[in-house]
Amino acid sequence: MLKVEPIPAFQDNYIWAIHDGHCAAVVDPGEAAPVERFLAQSGLALGAIVITHHHGDHQGGVAGLLAAHPRAPSGGPLPVLGPAGERIGGRTQALREGDVATLEAPALTLRVLDVPGHTAGHIAYVADLGEAGPALFCGDTLFASGCGRLFEGTPAQMLASLDKLAALPGDTRVYCAHEYTRSNVRFARAVEPGNAALAAWEARVEALRATNQPTLPTTIAHERQVNPFLRSREPAVRAAVSAHGGTAADDAQNFGALRGWKDNFR
């Protein structure tokens, strides 16, 4: 049975390790040292590297990991998966929407989705983890109760990307790359103070973070209830954006105003 474990990195990153008890694929290793410690402590071999986008805190550890683990457990070159539309160091397989990547160690199939917005070529991976169910590895596109900043894409692109993710089965577990949940929930509460599900989630988040536990994974069904960026078309969210001074001629402009509000929220 496949398991997913977080490897904390930097101040608030999560590198996700997908493993079968013998070999691990690591998602978005921004630095190598935490991965090396995890592998040593867990007795796992590195089987693959999986990248969602080009930012350094997501691929900065690739060179170091390849230097230490040039070969996969099978003896061939270590697979490095990444978006076709971005520069990824050491990449062996360039992926885009509709591609399906198959790993041997661990045995894992990853379906690729294009999710531009945070960066122009950002991709996400949907995995069927067997008994553990479906999982989404979405980098900096969808966060718990939030979404990534628009560094390279447009509001319309990010809205379309989030719509695509929101359409996944509700039990899909969401593995994003940052522990931003506490600040995201504070903003979400400002947008929807009357959202009862969000109030309950805020209490849960505070309890988890008080003991330094991850708030991830969440699920797509949960995000539909508590994430303002998946709820941007809801009347209450639209009204809040308008009251904050946002203009909304269409859904994309409304989303852009919501994202701009978050960018300046303190």
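Heads up, the Cβ atoms here are built off N, Cα and C, so glycines get one too.
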Zn(2+) 1 site partner of HIS53, HIS55, ASP140 (as recorded in Swiss-Prot), chosen from HIS69, HIS118: HIS118
Of the candidates HIS19, HIS178, the one that Swiss-Prot places in the Zn(2+) 2 site of ASP57, HIS58, ASP140: HIS178
List, in sequence order, the same-chain residues at least six positions removed whose CB sits under 8 Å from that of ASP140 (Zn(2+) 1 binding site)? THR52, HIS53, HIS55, HIS58, HIS118, THR119, HIS122, GLY148, ARG149, CYS176, ALA177, HIS178
Residues sitting within 8 A of the centre of the HIS53, HIS55, HIS118, ASP140 CB atoms (Zn(2+) 1 site), not counting those, run THR52, HIS54, HIS58, THR119, HIS122, GLY139, THR141, GLY148, PHE151, ALA177
According to DSSP, does HIS178 (Zn(2+) 2 binding site) sit in a helix, a strand, or coil? strand
When you average the Cβ positions of ASP57, HIS58, ASP140, HIS178 for the Zn(2+) 2 site, which other residues in that chain have a Cβ within 8 Å of that mean position? ASN13, ASP28, GLY30, HIS53, HIS55, GLY139, ALA177
